[in-house]
Amino acid sequence: MEPPVQIFRGEPGPTCSPSTCLPPNGSGWFPGWAEPDGNGSAGSEDVLLEPAHISPVILVIITAVYSVVFVVGLVGNSLVMFVIIRYTKMKTATNIYIFNLALADALVTTTMPFQSTVYLMNSWPFGDVLCKVVISIDYYNMFTSIFTLTMMSVDRYIAVCHPVKALDFRTPLKAKIINICIWILSSSVGISAIVLGGTKVREDMEVIECSLQFPDDDYSWWDLFMKVCVFVFAFVIPVLIIIVCYTLMILRLKSVRLLSGSREKDRNLRRITRLVLVVVAVFVVCWTPIHIFILVEALGSTAHSTAALSSYYFCIALGYTNSSLNPILYAFLDENFKRCFRDFCFPIKMRMERQSTSRVRNTVQDPAYVREVDGVNKPV
């Protein structure tokens, strides 16, 4: 997810600056929009924008999207975590990483109701403590998600290009240890967000905002520093590592017709690699627009128009939508997840199918039956 920075603003006066007109949403705490109250700078001359020019339809659509993300994301990711814990066969190294990704996504979907509320109220009504928690979750999700996807790509690279080393490296235990390390590393940002996050009364607009509170004298510098660090360490470097890993894997897959001694193992290897690639690609597609938007705004090159602000809203919504897409991808692209999902959702039907399959198998293998020349099974 994207980093929290600026959160929510209240009803402006007759006119407002582009930054002030930004939506009062959860995405508002992305470190993408500097406060126009003297603590930050918009990076360019303010262009007055009538509030009426920002259609309320946009806020309604975004709120509806957040509601869908909340339901689908929370239920879907919780189901993913459940099947990995419940079924022994699902406890593979790759699925341990998927569990970590689902945990981060499930956490951030719990913030959707708060963000939707502030979209509609134009102010943060939930207090200082919850403000810190929500901002921290946003940062944790952003860093743990991209770090986990990076490790999944490295894991696939080792499995495809170094199958011998993979026997020692690719174990569920080591995957769990790496997941713990990812959360510890992400805590350097998440805990900082808890310390710096808080509510602030905007007296000029008579509303409460939830944001990272930088020192007034150096607000612009810290705001820019945060945006650049997030862009570099939570996007550029991980994506470059992922690109290198998959480039090497593609070269390997093209040069070798059979990666392992078994065609079945080879199919599974390619299937899992394809699944991870699709998950990574969807993440990059969902998050690239808002990362670019925030970086451009930080450099002071954003066009402060209604179209630009509307694009900003939808870029953020697209990023959060990613948290609800992964369970759907698993269900369509991975047979094991699909089977476990069906087993959980339709236990009676699946039990009857297994019993039917078992009876057919036992009938075929029953020594009381012999196969005649015409191919018909008849009892002896």
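Note: Cβ is positioned from N, Cα and C throughout, glycine not excepted.
These come from Swiss-Prot:
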TOPO_DOM  1-57  topological domain 'Extracellular'
CARBOHYD  Asn25  N-linked glycosylation site
CARBOHYD  Asn39  N-linked glycosylation site
TRANSMEM  58-85  transmembrane segment
TOPO_DOM  86-95  topological domain 'Cytoplasmic'
TRANSMEM  96-119  transmembrane segment
TOPO_DOM  120-132  topological domain 'Extracellular'
DISULFID  Cys131-Cys210  disulfide bond
TRANSMEM  133-154  transmembrane segment
TOPO_DOM  155-173  topological domain 'Cytoplasmic'
TRANSMEM  174-196  transmembrane segment
TOPO_DOM  197-222  topological domain 'Extracellular'
TRANSMEM  223-247  transmembrane segment
TOPO_DOM  248-274  topological domain 'Cytoplasmic'
TRANSMEM  275-296  transmembrane segment
TOPO_DOM  297-311  topological domain 'Extracellular'
TRANSMEM  312-333  transmembrane segment
TOPO_DOM  334-380  topological domain 'Cytoplasmic'
LIPID     Cys345  S-palmitoyl cysteine
Quiz item: Which bits of the chain, at least 6 residues beyond where the topological domain 'Cytoplasmic' (86-95) starts or stops, bring a Cβ under 8 A of a Cβ in it?
Solution: 152, 155-156, 170-172, 174-175, 272, 276, 336-337, 340, 344
Practice problem: Just name the most isolated of the recorded positions Cys131, Cys210, Cys345, going by other Cβ atoms within 10 Å of its Cβ. | Solution: Cys345
Practice problem: With DSSP as the yardstick, break the topological domain 'Extracellular' (120-132) down into helix, strand and coil residue counts. | Solution: 7 helix, 0 strand, 6 coil
Quiz item: Could you give the mean pLDDT over the topological domain 'Extracellular' (197-222), rounded to a whole number?
Solution: 82
Quiz item: At least three Cβ pairs under 8 Å linking the transmembrane segment (58-85) and the transmembrane segment (312-333), pairs spaced 6 or more in sequence?
Solution: yes
Quiz item: To the transmembrane segment (223-247), which of 96-119, 133-154, 174-196, 275-296, 312-333 is linked by the most Cβ pairs under 8 Å?
Solution: 133-154
Practice problem: Could you tell me how many residues in the topological domain 'Cytoplasmic' (155-173) are helical, how many are strand and how many are coil under DSSP? | Solution: 16 helix, 0 strand, 3 coil
